[in-house]
Amino acid sequence: MDADYEANGLGHLTMWGRNLNKMISFRSRTKVHTHFLTRFAVGMGNIWRFPYLCYRNGGGAFFIPYIIMLVCGGIPVFMLEVGLGQYMSQGGLHAWNIAPLFKGIGIAMTVILFLMNIYYIFIMAWAVFYFIMSLTTTLPWSHCNNSWNTESLTVIIHGIPRDCVTKADYAMKQELRWLHFCECGKSYQTRLCPPSYPTVYTMCYSEFWDKKSYETKIFRRRVLQITDGIDKPGGLVWETVLCLLFVWTMVYFCVWRGIKWSGKVVYFTALFPYLILTTLLIRAVTLDGAIYGIKYYLSPDFSRLSDPQVSVWIDGGTQIFFSYAVALGCMITLGSYNKFHTNFYRCICKCLWQCMVIASVNSGTSLFGGFVVFSVLGFMAKQQNVDISDVVDAGPGLAFITYPKAVTQMPVSQLWAALFFFMIFLIGIDSQFVAVEGFTANVMDSLPKRFNTPKSRMVIVAAYCFVSFLIGLCMTSRGGMYVFQLFDYYSASGMVLLFVCFMESIVIGWVFGADKFYDIIELMIGYRINKWLLICWKFLTPAITMGILMFQIITFKPIKYNKTYVYPEWAQAFGVMLAVVSIICIPTYIIFKLWNAEGSLIERFYSTKTPILKASRIPQKWKADKSQLFWACEDDLDDNSMPLSETFVDA
């Protein structure tokens, strides 16, 4: 069968000494498109991150910056990175030889990937934890007879079971004729109750007071076992440690075996989530109070758009970059696996239509998952008789509270719970695999050829996974959730992604030249594409990303956990450091290159920004323009390549 793939021109690839025949195969150009679509249309950014950011920012108001960045930022940068990777045939680091002075962009991407992979994998570890807990006759979050629960009581008011009552109700219990209490299975009565009372509804005592559901408590008390602050680590949660070790082991074998092995199940991992989400949605929208959650989800609060105390613009803007996996180098790496003349534009956006299909599936998945979450939030709000904004914590654990709540309302809830968390694991490992592949590809590209072997790859991937696991142990402690939120807020979102996308569009749009980038796309696919992307790369994307970035800097406020816990100053400083450590790579590398160049400052700038390209990949009309100087290298493109001439060399 591999011979057939080779006959199609898209078989096992070997590029720049990376032995990609051991790592990747694309079946056909049509399925390259399908591979990209299925790989990124469904991810943790859609099902886990989008709902909690939307909930944190007031529901519908979140859509405005989200849609603006989708059209003017997400799609253009997505296309830029795929095209750049295919043209340079290099990963996210060395592809920036197209403007060597700005190779720090690739370094920044590598740092972001390293940090993101450390914390992102915890979503899968928690999913494994929940999956194991689902393999019981009774779901542990459906009752309060657990070792981590406090005293319990059951309340029925006027014959109607209620999840919780107000403190005033509790204080007036002597005057409520129809009130029945049950403490940890030992029943007692404050008044005589009619024998026709319905089945008693159990509610934990702690939930009675703070109006939090079982699902909230099992996540906080059983999974996280969270302490009062980041300065109280409280020791490791050994179950989380084992789950994390298991997931990293699975990631290692996925990356070791490569994309070809993962691609065998890509269709299942892409379609299976929709089956589960659709089933949950059908049940969720029929719950009492679901309509209130949907209204909250779709009704924008426009005051939040101008409120400097909320982060709706930052969260809405950067969520697009996160879910599209741009500004991380992953798309550049995957684009580099294409053959040079692969029509990536037609594969990804035939006349911009198929690109909108990808965008619609990606963003539609986020919206789809949001309907499930907010329907359940409306149900929980009505049960607890509170406003939707006060139902649960608007933090990273939202998905692990609302989705479990939904499955408890379904028949054979144990089965649906197990299937749901199995789904989370599958889509998470799919995304994590690509992110780890993007990082290791940069490392392998940087090694001398003699180390670019399958055995070296095995060792490097194993070492990387082990080191990341060790660093991640700090998040398996009882205070680890505070560390997790610092990583999520600072290291791979917000100002970091905005700044990198701004620099990408500036370098391609102005330093290298958007018109020249259109020339190389034309060289690869055979025709000139729509002008919209050029407008975005030169004007819209830089303006919007820098505008949101400046807004974030001016209105910066320290992060809080659960809207109440204020991080100590040293923790805030650590979080800012997580952002700065990647951003600073870009100006530092520029200074380094200019310092080591010769001539005046202007001469150094022009010499260091001169692209390092293969002679065979230079458009003919550039060769006719002798005012444009490019270094044409016949071998691998790296900093050690020797320039063949200061003019163009015929291929």
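Along the chain as shown, residues are numbered 1 onward.
Backbone N, Cα and C atoms are what each Cβ position is placed from, and that goes for glycine too.
Other C-beta atoms found within 10 angstroms of the C-beta of Ser323 (Na(+) binding site) number 26, with every protein chain shown included. According to TrEMBL, the Na(+) binding site annotation covers Ala41, Val42, Asn46, Ser323, Asn362, Asp430, Ser431.
Proximity of distant same-chain residues to the transmembrane segment (63-84), defined by a Cβ-Cβ separation under 8 Å and at least 6 residues beyond the stretch ends, is recorded for 36, 95, 98, 300, 305, 312-313, 315-317, 319-321, 323-324, 326-327, 329, 331-332, 334-335, 344-345, 348-349, 355, 359, 363, 501, 504-505, 508, 517, 520-521, 524, 532-533, 536-537, 540-541, 544-545, 548. The transmembrane segment annotation in TrEMBL covers 63-84 (among others).
Look at TrEMBL and you will find 105-132 (among others) tagged as transmembrane segment. A Cβ distance under 8 Å defines the sequence-distant neighbours of the transmembrane segment (105-132), meaning residues of its chain 6+ beyond its ends; these are 44, 48, 91-96, 223, 239-240, 243-244, 246-248, 251, 327-330, 332, 400, 404, 417-418, 421-422, 424-425, 428-429, 431-432, 435-436, 438-439, 442, 468, 471-472, 475, 484, 487-488, 491-492, 496-497, 500, 503-504, 507, 578, 581-583, 585-586, 589.
Nonlocal intrachain contacts for the transmembrane segment (236-255), taken as residues 6+ away from its ends with a CB within less than 8 angstroms of a stretch CB, comprise 121-122, 124-126, 128-129, 132, 223-225, 261-262, 425, 429, 432-433, 436-437, 440, 461-462, 465-466, 468-469, 472-473, 476-478, 480. Summarising the annotation, TrEMBL assigns transmembrane segment to 236-255 (among others).
Here the transmembrane segment (267-292) has long-range neighbours at 37-39, 41-42, 47, 365, 368-369, 371-372, 375-376, 378-383, 388, 403, 406-407, 409-410, 416, 419-420, 423, 426-427, 430, meaning same-chain residues at least 6 beyond its ends whose C-beta is under 8 angstroms from one of its own. Marked as transmembrane segment by TrEMBL: 267-292 (among others).
Taking Cβ pairs closer than 8 Å, the transmembrane segment (312-334) reaches residues 36, 39-40, 43, 45-46, 49-50, 53, 56-58, 61-66, 68-70, 73-75, 77-78, 81-82, 84-85, 90-93, 95, 106, 109-110, 112-113, 116, 304-305, 362-363, 366, 431, 434-435, 437-439, 441-442, 492-498, 500-501, 504, 544-545, 548, 551-552 in its own chain, all 6 or more past its ends. Per TrEMBL, transmembrane segment is recorded for 312-334 (among others).
TrEMBL lists 355-381 (among others) with the feature transmembrane segment.
Among the features that TrEMBL reports, transmembrane segment is placed at 415-436 (among others).
Sequence annotations record features per position, and here TrEMBL assigns transmembrane segment to 457-478 (among others).
The feature transmembrane segment is assigned by TrEMBL to 490-512 (among others). Note on the transmembrane segment (490-512): residues 73, 76-77, 80-81, 84, 96, 98-99, 101-102, 105, 108-109, 112, 115-116, 119-120, 311, 314-315, 317-319, 321-322, 326-328, 534, 536-539, 541-542, 545-546, 548-549, 552-553, 559, 575-576, 578-579, 582-583, 586, 609, 611 of its chain, located 6 or more positions outside it, place their CB under 8 angstroms from a CB of the stretch.
Under the heading transmembrane segment, TrEMBL lists 532-554 (among others).
The transmembrane segment feature in TrEMBL is assigned to 574-595 (among others).
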Original post:
In the same chain, who gets a Cβ under 8 Å from the transmembrane segment (574-595) while lying at least 6 residues past its ends?
Top reply: 100-105, 107-108, 111-112, 115, 486-487, 489-491, 494-496, 499-500, 503, 559, 567, 601, 604-605, 608
Subject >> binding-site residues compared (Asn46, Asn362, Asp430, Ser431) - highest count of Cβ atoms within 10 Å >> reply: Asn46
